[in-house]
Amino acid sequence: MMPFNELVLASHNAGKLKELQAMLGDAVRVRSVGEFSDIEPEETGLSFVENAILKARNAARLSGLPALADDSGLAVDALGGAPGIYSARYADGQGDAANNAKLLDALREVPVAERGAQFVCALALVRHADDPLPIICEGLWPGSILHAARGDQGFGYDPLFWVPERGCSSAELPAAEKNRISHRARAMAILKQRLGIA
Ligand SMILES: O=P(O)(O)OP(=O)(O)OP(=O)(O)OC[C@H]1O[C@@H](n2cnc3c(O)ncnc32)[C@H](O)[C@@H]1O
Ligand SMILES: [Mg+2]
């Protein structure tokens, strides 16, 4: 049984919001933190988990509702796990296209066999702003980085992320398929189990 019937999603990323909403289905009524504030909290944590908790607490405080946050990113082997928690800010806040261009450039000389990477997702659910026991669920999605963009679905780094089990980029996957196999889907499956709505 879901312990509440309304939840605020603590994200300002439209692509992420759409995926989280689709995965939650009609298990709970979903609001977005954007309804309460346009100001994005500073992501000062050193880990995905810390940033997810920070965003969830902020949204719970603003809304007075339980809050679910997603902190995610791309960890590239050849870059020692970068851009990691800095994935959204990799090209100094210039957005997805600039992030992707910078990543392609950083990996220009890296051969196919060394282009391994994984998408990482940490979900944090707090029942209220000061919840001392947030529910944390993580998901990893291994793949590799292409030499050029492919596909126009999804968001962020999807056009550069090769999905070996499907033989295409994650931006070439239909939304429903990405939502079954992604890092976010894996974290969400664990969260649903924890909440008894699996
Ligand atoms: O913090 P919020 O408001 O949720 O929105 P954000 O876009 O800033 O989200 P993050 O701080 O978690 O940064 C995530 C980064 O990783 C990228 N990313 C995360 N999940 C992704 C996915 O499923 N496909 C492509 N890129 C993804 C995304 O584009 C961002 O650059
Ligand atoms: Mg962010």
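Glycine is no exception: its Cβ is also placed from the backbone N, Cα and C atoms.
Caution: TrEMBL annotation is automatic and unverified by curators.
Counting every protein chain shown, the Cβ of Ser11 (substrate binding site) has 22 other Cβ atoms within 10 Å. For the recorded site, Ser11 (substrate binding site), the DSSP three-state label reads coil. According to TrEMBL, the substrate binding site annotation covers Ser11, His12, Asn13, Ala14, Gly15, Lys16, Ser72, Phe155, Gly156, Tyr157, Asp158, Lys178, His183, Arg184.
Under a cutoff of 8 A between CB atoms, and with a sequence separation of 6+ in the same chain, the neighbours of Asp71 (Mg(2+) binding site) are Glu43, Gly45, Phe48, Val49, Asn51, Ala52, Lys55, Ile85, Cys121, Ala122, Ala124. Positions annotated as Mg(2+) binding site by TrEMBL: Glu42, Asp71.
Per TrEMBL, active site, proton acceptor is recorded for Asp71.
By neighbour count, meaning other C-beta atoms within 10 Å, the densest spot among the binding-site residues Gly15, Gly156 is Gly156. The substrate site in the record is lined by Ser11, His12, Asn13, Ala14, Gly15, Lys16, Ser72, Phe155, Gly156, Tyr157, Asp158, Lys178, His183, Arg184, and its two most distant CA atoms lie 20 Å apart. Neighbours of Asp158 (substrate binding site), defined as other CB atoms within 10 A of its CB across all chains, total 25. A 10 Å cutoff on Cβ-Cβ distances gives Glu42 (Mg(2+) binding site) a total of 10 other Cβ atoms nearby, all chains included. Around Asn13 (substrate binding site), the same-chain residues at least 6 positions away in sequence with a Cβ under 8 Å from its Cβ are Ala88, Phe155, Gly156.
Checked against ligand 1, the binding-site residues Asn13, Gly15, Asp71, Gly156, Asp158 give Asn13, Asp71, Gly156, Asp158 in sequence order as having a Cβ less than 6 Å away from one of its atoms.
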